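Just passing along the structure, written as structure tokens.
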Amino acid sequence: MKFLAVLLAAGMLAFLGAVICIIASVPLAASPARALPGGADNASVASGAAASPGPQRSLSALHGAGGSAGPPALPGAPAASAHPLPPGPLFSRFLCTPLAAACPSGAQQGDAAGAAPGEREELLLLQSTAEQLRQTALQQEARIRADQDTIRELTGKLGRCESGLPRGLQGAGPRRDTMADGPWDSPALILELEDAVRALRDRIDRLEQELPARVNLSAAPAPVSAVPTGLHSKMDQLEGQLLAQVLALEKERVALSHSSRRQRQEVEKELDVLQGRVAELEHGSSAYSPPDAFKISIPIRNNYMYARVRKALPELYAFTACMWLRSRSSGTGQGTPFSYSVPGQANEIVLLEAGHEPMELLINDKVAQLPLSLKDNGWHHICIAWTTRDGLWSAYQDGELQGSGENLAAWHPIKPHGILILGQEQDTLGGRFDATQAFVGDIAQFNLWDHALTPAQVLGIANCTAPLLGNVLPWEDKLVEAFGGATKAAFDVCKGRAKA
């Protein structure tokens, strides 16, 4: 901007000089000369001017008072002092010519004063010089106008840039180097404008990337000043709402997964029940009469012969399990008459005699030794009663109480939906049998109640005077299935025991 100001001042000065020179080159109108006191030189000049021809008079006036007095007087002419002539008109001409090498000097002008062709050449030179000055003035005027247009354009652009600055930059503290108090080319202001323009460009690019294509096609363009704040606030609100919805959906998904798992388990249980009923319908009535008149026989010790109870057990806080057993082991332990496992606990309920150890009752992996003996290879009635309150237990053999105790898995309820296996001990849910812990012999009348039977009830079952079926699991042909070579055969325990 300093350069533009200097250029404008120089142009104005050049224009004024050219106008002055053009005005000075125009001949002035003739006016009568005024008599100057004591002006002998003026009188001589006037007489010389009157006596000389027109062209010569003009040249004399060109040279001025300090020049030649004119041509000598003719012979016989009266003296100037004796007969003074009346004062004639005086002519003056002021010329402004450039001091160029082509311009004739004063001596050359004096030599060519009396020659008409020399004066004509001088006039032509002066006219060409005046025309050059006029063209120069016109060029300067056009350049000044162009500079003014440029200044207006730059001022307009600067105003638009100021209007596009952020509000914080528009009103932050005193402003320096403005139109009124300083140059516009200060480095600080230029850097500030560049930063503002760069910030605006970045925000515009970011908005173009974030706006969806459908909004760009359908929505009307909003003002640039209103887009960033309103759009960013709406985007922040939408982001918060979406995050809350995502978290809610995640919680619902977890809850649905848990509920679906429970529902799947319930459906599987119902399917098991339905399969049992279908199997009952397919098989028709029981092959044994009465339905509990059968036994399960496991002839040899192995890990693949067993019987499985089809009915699932509920949650139990007390139980009594009674059965008829005849062991055919050779003195190396009676094995496992029955085992009940649930998910996460393979030894929920186990009746086991391993090796030369006494018979044991395991509940939730807690052990109690039972004073029972089955080594005579005969039929024996065994009953085990337990309650979760204080972990009380009782063991009966052939209707008589053999032992009792407490603190066996106290306050632990028997978990439901497990698998009940006859003849094998389970290391996992429903499998991984160990041949050394298998039962060898016959099992009959396995019944299960959800409470502890009284000693009188146990005695009535053992001597066949008051037979009683389990209310949780009765001994029925349709509920017991043999696998791996174990066999089911008709057997009336009271008659068979009498015969044995």
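The backbone N, Cα and C atoms fix where each Cβ goes, glycine too.
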If Swiss-Prot gives E425, Q426, D427 as binding Ca(2+) 1, which of N302, N347 does it give for that site as well?
N347
For the region 'Disordered' entry in Swiss-Prot, name the matching range from 42-81, 202-241, 242-281.
42-81
From the centroid of the CB atoms of N347, E425, Q426, D427, the recorded Ca(2+) 1 site, which same-chain residues not already listed sit within 8 A by their CB, in sequence order?
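Counting only non-site residues, the set is T336, S339, S341, A346, V350, Q424, T428, R432, F433, D434, Q437.
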Taking the Cβ of C383 (disulfide bond) as the centre, how many other Cβ atoms fall within a 10 Å radius?
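So the Cβ neighbour count for C383 (disulfide bond) comes to 27.
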Taking E425, D427 as the binding-site residues to compare, which has the smallest set of other Cβ atoms within 10 Å?
D427
May I have the list of same-chain residues other than E425, D427, Q437 whose Cβ is within 8 Å of the Cβ centroid of the recorded Ca(2+) 2 site, in sequence order?
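The answer, listed by sequence position, is T336, S339, L352, Q424, Q426, R432, F433, D434.
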Which of these recorded positions has the least crowded Cβ, counting other Cβ atoms within 10 Å: N347, Q426, Q437, N463?
N463
